[in-house]
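*Asks:* Got a structure here, written out as structure tokens. Questions coming.
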Amino acid sequence: MSQTNPKVGIVSLGCSKALVDSERILTKLRAEGYDISGSYDGADVVIVNTCGFLDSARAESLEAIGEALAENGKVIVTGCMGGDEKAIRSAHPSVLAVSGPHQYQAVVEAVHAAIPPLHDPKLSLVPPEGLHLTPHHYAYLKISEGCNNSCSFCIIPDIRGPLMSRPAADVLGEAERLAEAGVRELLVISQDTSAYGLDLRHAESTWRGRPVRAHLTDLASALGELGIWIRLHYVYPYPHVDEIIPLMAEGKILPYLDIPFQHASPNVLKAMRRPANQEKVLGRIRSWRETCPDLTLRSTFIVGFPGETEEDFDSLLGWLEEAQLDRVGCFKYEDVKGAPANAFADQVDEDVKEERHQRFMEAARQIADERGAAKEGTRIEVIIDEVDEEGAIGRSKADSPEVDGAVFMNGETDLEPGDLVIVEVEAAEDYDLWGDVVERLPPPRPRR
């Protein structure tokens, strides 16, 4: 009787960058003959890819490790919290191995030790685009690791190291393989997307027979040749971001920018060790919208940062009203083990954080309501994410998966995930839209 391939399960916690790490680990293991299990009891060993950014995330990671141990018994730990092996083994001494973020080979070797592969590697087991944990029609494209910033509330540089960009040809080759495999949307991610290529001194590499610089503008322009949706995340407002907006106006990449502004008060931004000229940023936002009227701006903010006064918070609300951001997320400040901000004076009370968070999100909701109402009666392009007996759910060019709004098409049951359609918007509420399909679009075609 032939033996069955060993099976590996994975629990992936945290951000989209960690999800890409999980995909790369699974791709390596699949190439060596391992099968992937979607359940604890079906796996011979379970990998837990942890998050270690916030204290609450560390607690969630420890809880997930404990659950995996209870349900399976054989657990390998990796990811951002993996750098603190002492804390992990103190809570869970029976884990098989612990490694830090993007240490793919260490994880593979730990799996080998727990349950060896049955045969030599066979790359034919893996599709050219690798294995992905997202739906088939979209994928994350990680262009760099690490970060060179020194924000006082963050320990990412300590966890993931300094900026390490991938050569442009490497990124574009992966993107091309994904597009050829049927991916309709690529979400470009990193810790600091605008800094892409700085560590490489923007060196050129060859793609499609021509040189392409490791620079965000050049990369975005080249990605636009694939003919699919290209969405930029984690874009810091460096001056050269102005060069990206015309590409959006031309339709090469989606008119969408995810920029983590974090705050607007100069005092708070200085304490955060972030750029503090938000008045200048307002001027740039106006200029961007003049160049690309359809531009969607998403951002995240932190309220209750140590030393944040009521005046600072009011400044943030005023700036938000002027900026008229389309999509907004907000976090209540919490300590991060090892971050300088932990030791700052004038920590804000939890009830004050909660009250400010509610006020901020209400202000953001009112802006979203007004901007959403302006879309009623218009026609927008939508990518389909889900279809069931009640209808279809998709996203517009203004909506990224998981974090933004959705477009609901009641009664549209003959669509499939990944389809592109034109929807006439009938109603809007908060970040969501409702409407009817008026046209089906053909599959995208690469631009050669």
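Backbone N, Cα and C define each Cβ position, glycine as well.
Checked Swiss-Prot, it gives:
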type: DOMAIN; residues: 6-116; note: domain 'MTTase N-terminal'
type: BINDING; residues: C15, C51, C80; note: [4Fe-4S] cluster 1 binding site
type: DOMAIN; residues: 133-371; note: domain 'Radical SAM core'
type: BINDING; residues: C147, C151, C154; note: [4Fe-4S] cluster 2 binding site
type: DOMAIN; residues: 373-439; note: domain 'TRAM'
*Asks:* I'd like the number of other C-beta atoms within 10 A of the C-beta of C151 ([4Fe-4S] cluster 2 binding site), please.
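*Replies:* 17, counting other Cβ atoms within 10 Å of C151 ([4Fe-4S] cluster 2 binding site).
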*Asks:* In the same chain, which residues outside the set C15, C51, C80 have their CB within 8 A of the centroid of the CB atoms that define the [4Fe-4S] cluster 1 site?
*Replies:* L13, G14, K17, A18, T50, G52, F53, A57, G79, M81, P101
*Asks:* May I ask for the distance between C154 ([4Fe-4S] cluster 2 binding site) and C51 ([4Fe-4S] cluster 1 binding site), taken between their Cα atoms and rounded to an integer number of Å?
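*Replies:* So the alpha carbons of C154 ([4Fe-4S] cluster 2 binding site) and C51 ([4Fe-4S] cluster 1 binding site) sit roughly 13 Å from each other.
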*Asks:* So what pLDDT does the domain 'TRAM' (373-439) average out to?
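*Replies:* Here the predicted model's pLDDT, averaged over the domain 'TRAM' (373-439), is 95.
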*Asks:* Express the distance between the Cα positions of C80 ([4Fe-4S] cluster 1 binding site) and C151 ([4Fe-4S] cluster 2 binding site) as a whole number of Å.
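*Replies:* The separation of the Cα atoms works out to 17 Å.
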*Asks:* Let me know how many other Cβ atoms fall within 10 Å of the Cβ of C154 ([4Fe-4S] cluster 2 binding site).
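*Replies:* That number is 22.
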*Asks:* Can you name the residues of this chain that are 6 or more positions from C147 ([4Fe-4S] cluster 2 binding site) yet have a C-beta less than 8 Å from its C-beta?
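*Replies:* In sequence order, the residues whose Cβ lies under 8 Å from that of C147 ([4Fe-4S] cluster 2 binding site) (at least 6 apart) are C154, I156, P157, R160, P162, L163, Q191, D192, A195.
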*Asks:* Output the one of C15, C51, C80 that, of all these binding-site residues, has the highest number of other Cβ atoms within 10 Å of its Cβ.
*Replies:* C80
